[in-house]
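Colleague: If you scroll down you'll find the structure; I have some questions about it.
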Amino acid sequence: MSAPRTLYDKIWDDHVVDQQEDGTCLLYIDRHLVHEVTSPQAFEGLRMAGRPVRHPEKTLAVVDHNVPTSPDRINGIQNEESRIQVEALARNAADFGVEYYSERDKRQGIVHIVGPEQGFTLPGMTIVCGDSHTSTHGAFGALAHGIGTSEVEHVLATQTLIQKKAKNMLVRVDGKLPAGVTAKDIVLAIIGEIGTAGGTGYVIEYAGEAIRSLSMEGRMTICNMSIEGGARAGLIAPDETTFEYIKGRPRAPQGETLEQAINYWKTLHSDEGAHFDKIVTLDAGSLPPIVSWGSSPEDVVSVTGVVPNPDDIADETKRASKWRALDYMGLKPGTKITDIAVDRVFIGSCTNGRIEDLRAAAKVVEGKKVAPTVNAMIVPGSGLVKEQAEAEGLHKIFIEAGFDWREPGCSMCLAMNDDRLKPGERCASTSNRNFEGRQGFKGRTHLVSPAMAAAAAIAGHFVDIRAWK
């Protein structure tokens with residue numbers, strides 16, 4: 001009888017093509033997602049070597065990072081570097097026979113939202129993309145992670161990847177989530193607990209009642225930020241919630257094939273007694289709405305708390321780092337989080353740009369107005385999310401409240417397009433990173449849930465969403 005295996009063990013074992021004595025493995029890759037920033041050199045490498053894309057039907061190209069989200073983007077991309085990258089992806093996809101969603105295609109959007117929408121992402125698969133937030137797809141019980149540009153070329157050419165296996169880590173979130181606390185708060189709390197290096201060398205499996213209670217969109221938010229906790233990837237075992245989400249998707253199995261697939265997917269869970277190298281447990285019932293205060297995703301505190309004092313940190317290097325973060329953020333120890341005013345609000349990204357995120361934000365702002373000191377924007381994660389939101393009338397709620405309603409794309413998550421902060425501007429953001437300059441030169445980012453961001457837009461400062469009226 002074989003030893004109990006984790007979910008990660010099972011997917012890994014199913015995809016090993018060859019293993020060397022030092023543990024280095026050649027893994028088969030089931031799905032490859034491509035965007036315009038990390039792929040040009042990879043395609044050029046194929047072109048110079050005279051190689052085709054080995055499995056174009058297992059590859060999907062989407063433009064997302066550089067595309068403008070302004071309504072007039074149909075007139076073309078003004079930034080020359082961005083335009084060159086977008087044009088290169090369109091040309092490369094055509095030359096190599098890869099399916100491509102341009103900015104004019106309603107299926108276009110952030111690659112990690114598009115994959116699941118299309119049924120391209122399925123349980124038990126290995127999925128890669130030249131983007132760190134590929135971990136998002138782990139919400140389906142798929143082994144998904146980012147790769148570098150040279151690896152993008154290797155996968156395009158061979159449909160395989162050279163890897164060494166990571167260790168297993170289990171994060172259990174037990175109990176029921178309180179009202180006002182979301183998947184975003186869970187994952188920020190996890191990162192606050194383990195730190196940004198806590199998952200280094202591991203693949204994290206998320207489990208527990210609170211995780212099981214989440215929708216697929218909430219689970220994608222959790223797995224999306226696994227990389228911010230240092231992990232190679234994040235996984236959630238598939239269940240009926242997963243199967244229902246997949247049914248009817250354009251590229252998902254249908255009919256009898258789907259039933260056969262579901263029978264297999266039901267085996268994708270960690271066995272009783274499977275070994276985890278590290279286990280972390282959180283109590284969902286004690287979690288509050290969370291706001292980041294510094295320049296690292298581990299710098300988090302309850303919305304009812306205060307900016308911490310770095311002098312309380314024993315480690316000298318870490319203490320100096322946190323003082324630097326406070327200086328960059330323009331904050332002082334002891335400042336109440338609810339006293340921090342914001343200049344900008346960004347609701348979107350591959351972390352929180354899905355329809356449920358927009359519904360949560362709309363519920364908060366309906367019948368209210370954005371504070372006169374705040375510039376707020378809503379960026380749907382894909383054209384299909386935008387279409388659904390407009391069918392539900394959410395765009396009218398946002399526009400009437402004073403939000404800017406945009407076209408889909410990565411937008412202000414990162415300063416690679418026209419949406420960015422000005423120096424010194426402070427933003428309540430539903431994205432995943434609050435590094436120095438992430439949203440623009442000297443911009444200050446606070447990571448929050450969609451409901452918290454929406455409330456900050458109305459109030460002009462952070463508020464406890466649990467007391468929102």
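The backbone N, Cα and C atoms fix where each Cβ goes, and this holds for glycine too.
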Colleague: Determine which of CYS223, CYS350 appears in Swiss-Prot for the same [4Fe-4S] cluster site as CYS410, CYS413.
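Modeller: Of the residues offered, the record points to CYS350.
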Colleague: Identify all same-chain residues not among CYS350, CYS410, CYS413 whose C-beta atom falls within 8 angstroms of the centroid of the [4Fe-4S] cluster site's C-beta atoms; report them in sequence order.
Modeller: ASP64, HIS65, ILE110, HIS112, HIS133, GLY348, SER349, THR351, GLY353, GLY381, GLY409, SER411, LEU414, SER431, ASN432
Colleague: Give me the count of other Cβ atoms within 10 A of the Cβ belonging to CYS413 ([4Fe-4S] cluster binding site).
Modeller: 29
Colleague: A 10 Å Cβ contact count, applied to the binding-site residues CYS350, CYS410: which residue has the minimum?
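Modeller: Minimum Cβ neighbour count within 10 Å, taken over the binding-site residues CYS350, CYS410, occurs at CYS350.
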Colleague: With DSSP assignments reduced to helix, strand and coil, which class does CYS410 ([4Fe-4S] cluster binding site) get?
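Modeller: DSSP assigns CYS410 ([4Fe-4S] cluster binding site) to coil.
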